Amino acid sequence: VLSPADKTNIKSTWEKIGSHASEYGGEALERTFASFPTTKTYFPHFDLSPGSAQVKAHGKKVAEALTNAVAHLDDLPGALSTLSDLHAYKLRVDPVNFKFLSHCLLVTLASHHPAEFTPAVHASLDKFFSSVSTVLTSKYR
């Protein structure tokens, strides 16, 4: 459960990310594909080379979904219900992949905002990404 302090940290960090969210989403996906090659199997139709327009476009979708989640921290299941259905029933993404992407999102954000990435912010973002992952995999059960 996200505490009031977590919610404050998440919202303030996301405001600082601002217009870079889509860029960071693409970068995090590239990191995920490089670090966890099995994740590529869900994107056989994509050009997965660094800087790929398709990876950037999907990174933008990831960033938009996370921005929506940040705006609805008190109702993540409601905000992410459609995405949960998509990933569980249509795409059938292995739940571990959300953990991989979450890790790569943390690395990406820390590399671009080292001064703001305090232990408290790190912990809050980790809890947020974990909460999002839990919601996205909730319909697998």
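Every residue gets a Cβ built from N, Cα and C, even glycine.
Feature annotations, courtesy of Swiss-Prot:
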BINDING   HIS58  O2 binding site
BINDING   HIS87  heme b binding site
DOMAIN    1-141  domain 'Globin'
MOD_RES   SER3  phosphoserine
MOD_RES   LYS7  N6-succinyllysine
MOD_RES   THR8  phosphothreonine
MOD_RES   LYS11  N6-succinyllysine
MOD_RES   LYS16  N6-succinyllysine
MOD_RES   LYS16  N6-acetyllysine
MOD_RES   TYR24  phosphotyrosine
MOD_RES   SER35  phosphoserine
MOD_RES   LYS40  N6-succinyllysine
MOD_RES   SER49  phosphoserine
MOD_RES   SER102  phosphoserine
MOD_RES   THR108  phosphothreonine
MOD_RES   SER124  phosphoserine
MOD_RES   SER131  phosphoserine
MOD_RES   THR134  phosphothreonine
MOD_RES   THR137  phosphothreonine
MOD_RES   SER138  phosphoserine
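Location within the structure of each feature annotated in Swiss-Prot.
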residue: SER3; record: phosphoserine; Cβ contacts under 8 Å, 6 or more apart: none
residue: THR8; record: phosphothreonine; Cβ contacts under 8 Å, 6 or more apart: none
residue: TYR24; record: phosphotyrosine; Cβ contacts under 8 Å, 6 or more apart: ILE17, GLY59, ALA63, LEU105, THR108, LEU109, HIS112
residue: SER35; record: phosphoserine; Cβ contacts under 8 Å, 6 or more apart: PHE100, CYS104
residue: SER102; record: phosphoserine; Cβ contacts under 8 Å, 6 or more apart: ASP126, PHE129, SER130, VAL132, SER133
residue: SER124; record: phosphoserine; Cβ contacts under 8 Å, 6 or more apart: LEU2, ALA5, ASP6, LYS7, ASN9, ILE10, THR13
residue: SER131; record: phosphoserine; Cβ contacts under 8 Å, 6 or more apart: LEU2, LEU76
residue: THR134; record: phosphothreonine; Cβ contacts under 8 Å, 6 or more apart: none
residue: SER138; record: phosphoserine; Cβ contacts under 8 Å, 6 or more apart: PRO77, SER84
Which same-chain residues, if any, lie at least 6 apart from SER49 (phosphoserine) yet have Cβ under 8 Å of it: none
Shortest C-alpha distance to LYS16 (N6-succinyllysine) - which of the recorded positions LYS40, HIS58, HIS87, THR137: HIS58
HIS58 (O2 binding site) to HIS87 (heme b binding site) - Cα separation in whole Å: 14
Residue among recorded positions LYS11, HIS87 with least C-beta crowding, 10 angstrom cut-off: LYS11
Of LYS11, LYS40, HIS87, i.e. the recorded positions, those within 10 Å of THR137 (phosphothreonine) when Cα atoms are compared: HIS87
For THR8 (phosphothreonine), the three-state class that DSSP assigns: helix
Fewest other Cβ within 10 angstroms of its own Cβ, chosen from the modified residues THR108, THR137: THR137
Number of Cβ atoms other than its own within 10 Å, given for the residue listed as 'O2 binding site': 16
For LYS40 (N6-succinyllysine), nearby residues of its own chain (Cβ under 8 Å, 6 or more apart in sequence): PHE33, LEU48
Candidates LYS7, LYS16: member of the modified residues with the richest Cβ shell (10 Å): LYS7
